[in-house]
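Below you'll find the structure, written out as structure tokens, and then a few comments.
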Amino acid sequence: METMTECAQPIGFHFLFLRLSIKVNVELCTETRPSVTTANRNAVLAFQSSKKSRHFTYFADFSENVSLFSRRCGYVGKSARRTLQLWQGTMKEIGGKFGSSVLTYFLFLKWLLIFNIFSFLVNFGFITIPQLVYEPSPNIPLNVHFRGLEIITGAGYFNNTVMYYGGYSNETLVGLVDYNMQLAYFFTITVYMVLCGIALIFSMAKSFKKNYVLADSATSSAWQLLCSWDFSVTNERAVRKRKSNLRIQLKESLSEKAQQELLTLPEQLKHFGVHVGSWLLSTSLAVGCGASIYFLCEYEQKHTADTGSWSLLQEAETLLVPFVVSLINLVVPFFYSFFNEFEHYTNQRNQIYALVIRNVFLKMVILGVLCYYWMNVVAEVFSCWESMVGQALYRLVIVDFLFLMLGCFFGEFLRSVIGTRLISRLGVPEFDVGRNVLEIIYAQTLGWIGIYFSPLLPAIQILKFFILFYLKKVSLIQNCQPPRRSGRAAQMKTIFIFLLWFPFFVGALSMVAYTAWRLPPSEQCGPFRGLNTTFGVIEVWMDDLVDIPGSHWVIWIYQKVIRSEVFYFLITMIILVVIYIFWQVTQGRKRLIGLLRQQIVNEGKDKSFLLEKLQNLQKSRKPTSKPNKQKGHSKERPGEPPTGSHSNAMVQALLARQQLQDEMDQSVPSDTSNSGALMQAMLARQRALSQNGDVYHRPEERVSSFQTAQTTRNQENQESDGHYRMVSPTNAVTLAMQARQRAEGTREDDTDYLPSSVSSVMRQVMQARQRAEEELNSPSQNTAPSGSSALIQAMWARQQAQNEYDDGY
Amino acid sequence: MGNKQTTFTDEQLEAFQDCTFFTRKEILRLHARFRELAPHLVPLDFTNNPDVRVPPTLVVTMPELKENPFRDRIVATFSEDGLGNLSFNDFVDMFSALCELSPRELKTIYAFKIYDFNRDDFICEDDLQQTLNKLTKGELTAEEVTLVCQKVIEEADLDGDRKLSFSDFQNMISKAPDFLSNFHIRI
């Protein structure tokens, strides 16, 4: 606890450095002696003593207090946000029993729910409330009464309420302020869609950044063994299941290696033929479903009248199309997963991707057909067509919800009953994350399309997702088992967000945009009646603005920027150029990574080669001296270096280097000793660590602050800005080591960081090694004389490096 | 809500908030959980920094750790003496390093330490075998175990010394984006 109180004593901006340095110290400490807290304490004391010498000016005091205050506010904000988080306990329970991949579904559902809550608040606040205030009772024709069927069909009584587009007026509401309903409607919808798009793009970018390796060879056992264990699973049965799954997967991967055979040509052709066939089949199935829905819509439209009142039968008939759509969405994916039986993919992941792509295509075809029908047929035929479209969407949402519940019941509950009681061979069903996520993405797309036509649809969505969450949770816990394949939760999340954005959000946005741009609004109802297109409301507004003084800049922006083509052309060109530049930079860095990796491998080989030679040399020179441990990373110091001859001096140098190397490697990440050399090495490593995480940004604050702390401590090293320079001659050789570390860690294009002399040294050592390998040409490398020439050359090369660095400083 | 508690001084809570990824409320909750482990040992009042350590046998009874195959290693890694006796500092450190907000670098370092059974700063084949045994509960044959460990070293070892150094481990983790979400204990 002493650490904590010492932590509390310095105040202000030093606090920030302290916290960061303590966190960094936590990171750098590997040994338990000295322990983490002792290390912290040392760092804190050192920092305090270094800072005491400074004077506190009044300005410094003030800035300290300001930053302290802002940080405290930040903490309050953070804890307030944490209390508002929904369903924390449930998430923990689900994660504990089923693991992270199932949890992604529920997190995704929660995220979409937040979208809908936001949209509902915005719409209700800006559009519905003014309308309700202005006209509290909707003008419903006299012969329409509330029948219970409206809840499902959305037609009838709801038709003229604020539920749909048609219930809104197009006037400027006069009240406390003049509220222009047209502009309000237009801008609310536009701003909401734009904000949605931005939020999606940002979360997609963040997800890509964190999980940037999308296609990797991570079915390897290294990954499985070390990274795939889910630490958050706390349920005993789940843990046992996971262990057995891991065992099975490891066995599979072992046996895969054993049986990797190349397929013969006829077999390859056969597989290819099967692939093509199944893709054709699935595509034609999707297209067929789309066509049938189109014809069904037309058939239904012939039977409906354009009057305001429908009979009960007519209303019930409107449910036919949503029913068929949801049925298709439920049944056809099962066909697709049936294809897996006879279609063999080389990779499990390709199979999953193929399934996802087929399902997405099916849903897009259905949505596309429906949108086409609405925009081309409904818009022509009906008088208040936006409300009709809104009703259709309402019906789709409700029926989709009913089918989700049914699917849950049949797919999971009955299946588990069958699996446990009747055919116990089948077992309990797995929770299919992919299918469920696609279902909620589809549901959300319906909501996004519907937001223009039915502003209060998000309220229905909120209810739907809320109930769905609890339903799925109960079903999951009662009926399902965790997925057998240890799912790649992070990658799946990235893919889901990407799917949500494209094609679903983009499709919804383009449909709404097309409606606003091209289609004439209906003449009798809605806020845009009387205009040619919805977008015309902006023109009207611009005309109005001409009269208001002081708003000419808005008109200027509208005419010169938004309506001019040159502006968009320029922006597109600039963006394309920037993309091209970034792409080239990425290519360059990929190549650099490959080169550096090769360099690491070579360094390892050099090291082992040199040390083998050293051992042989020692054995041949002094048989009584203590032998080194093999491969260099020994803990014991080597014995007294032999004295005397010229080559022994080099042996001495090499031994000293080896000593230092042992120290360096032991303390990487090092413990907090007081030597400047180690600190610099730590700096280098820390910088490498931070640069690994953040390639495109400047090194994080904590690194620079830690460096600042360290450099103020090591006054005797006369460092000014150089982070990689050593002064003492013994550390000159560690510079070579550092260069290697830098080579490992640095992924920037600044290859001038690697001094040319060091790389030439490496080259010389490599050449010496290669020459030696050529010369010896035998497994036993005990010939000291011929080998020693290469060794001596290598030693000279290193000595040269030492001299150069000594000369340089 | 926080002003009425007497477990910690305000300064202590500030210090905790600065040094870990938790908020005030979570720190108080953690203290309650810590106390639950050994009510006779852990005092209610921490304002005068009592030096109390809970032995590992009690810590691993926590529901979050009970079923984890690496619970002993986790507790030992975060303890000061290396044997698993956790003070409250260590306890909070442990859950802070393993929480959702903890950055990848921190988690990588601690994962490396946890998997390094013999604490020589390298994950050698022996460490890997022990890891594998803990994960599969000894149901693979000895031959398979050796095979898997050799494969792992082949795949992950970059500098050819037949052991995984920290940089090898880090390199492998960077190719596994799930690591962040997997190496995570909710409290």
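Quick reminder: no glycine exception, Cβ is built from N, Cα and C everywhere.
Sequence annotations record features per position, and here TrEMBL assigns compositional bias 'Basic residues' to A:619-632.
For A:704-717 (among others), the entry in TrEMBL reads compositional bias 'Polar residues'.
The compositional bias 'Polar residues' feature in TrEMBL is assigned to A:777-791 (among others).
If you look up TrEMBL, you'll see A:384-490 marked as domain 'TMC'.
Residues or ranges marked as region 'Disordered' in TrEMBL: A:619-647 (among others).
According to TrEMBL, the region 'Disordered' annotation covers A:693-723 (among others).
If you look up TrEMBL, you'll see A:763-809 (among others) marked as region 'Disordered'.
Positions annotated as transmembrane segment by TrEMBL: A:102-129 (among others). Distant neighbours of the transmembrane segment (A:102-129): 86-87, 90-91, 94-95, 162, 168, 181, 184-185, 188, 191-192, 196, 199, 431, 433, 436-437, 440, 444, 447, 451, 455-456, 458-459, 461-462, 465-466, 468-469, 472-473, 476, 482-483, 489, 492-493, 496; these residues of the same chain sit at least 6 beyond its ends, with a Cβ under 8 Å from one of its Cβ atoms.
If you look at the transmembrane segment (A:183-202), the same-chain residues 6 or more away from its ends with a CB under 8 A from one of its CBs are 115, 118-119, 122-123, 126-127, 130, 168, 448, 451-452, 455, 497, 500-501, 505, 509, 512, 516, 527-528, 534, 537-538, 541. The transmembrane segment annotation in TrEMBL covers A:183-202 (among others).
Same-chain neighbours of the transmembrane segment (A:319-339): 152-153, 278, 281-282, 285-286, 289, 292-293, 296-297, 300, 355, 358-359, 362-363, 366, 370, 392, 395-396, 398-400, 402-403, 406-407, 435, 439, 442, counting only residues six or more beyond its ends whose CB sits under 8 Å from a CB of the stretch. As annotated by TrEMBL, transmembrane segment applies to A:319-339 (among others).
Annotation source TrEMBL lists transmembrane segment at A:351-375 (among others). For the transmembrane segment (A:351-375), the list of distant contacts is 282-283, 285-287, 289-291, 293-294, 297-298, 325, 328-329, 332-333, 336-337, 340, 343, 345, 385, 389, 392, 396, 434-435, 438, 442, 445, 449, 495, 499, 503-504, 507, 511, 514-515, 519: same-chain residues at least six beyond its ends, Cβ to Cβ under 8 Å.
The transmembrane segment annotation in TrEMBL covers A:396-418 (among others). Tertiary neighbourhood of the transmembrane segment (A:396-418): same-chain residues 151-152, 154, 319, 322-323, 325-327, 329-330, 370, 426, 428-429, 431, 439, 442-443, 446-447, 450, 457, 460-461, 464, 467-468, 471-472, 475-476, 478-480, selected by CB-CB distance under 8 Å and a gap of 6+ residues from either end.
Here TrEMBL flags A:446-471 (among others) as transmembrane segment. Cβ atoms under 8 Å from those of the transmembrane segment (A:446-471) belong to residues 87, 106, 109-110, 112-113, 116-117, 119-120, 123-124, 127-128, 162-165, 168, 185, 188-189, 192-193, 196, 367, 371, 386-387, 389-391, 393-394, 396-398, 400-401, 404-405, 408, 440, 504-505, 508-509, 511-512, 515-516 of the same chain, restricted to positions at least 6 beyond its ends.
Residues or ranges marked as transmembrane segment by TrEMBL: A:492-517 (among others).
Positions annotated as transmembrane segment by TrEMBL: A:566-583 (among others).
Summed and averaged per residue, pLDDT over the domain 'TMC' (A:384-490) gives 86.
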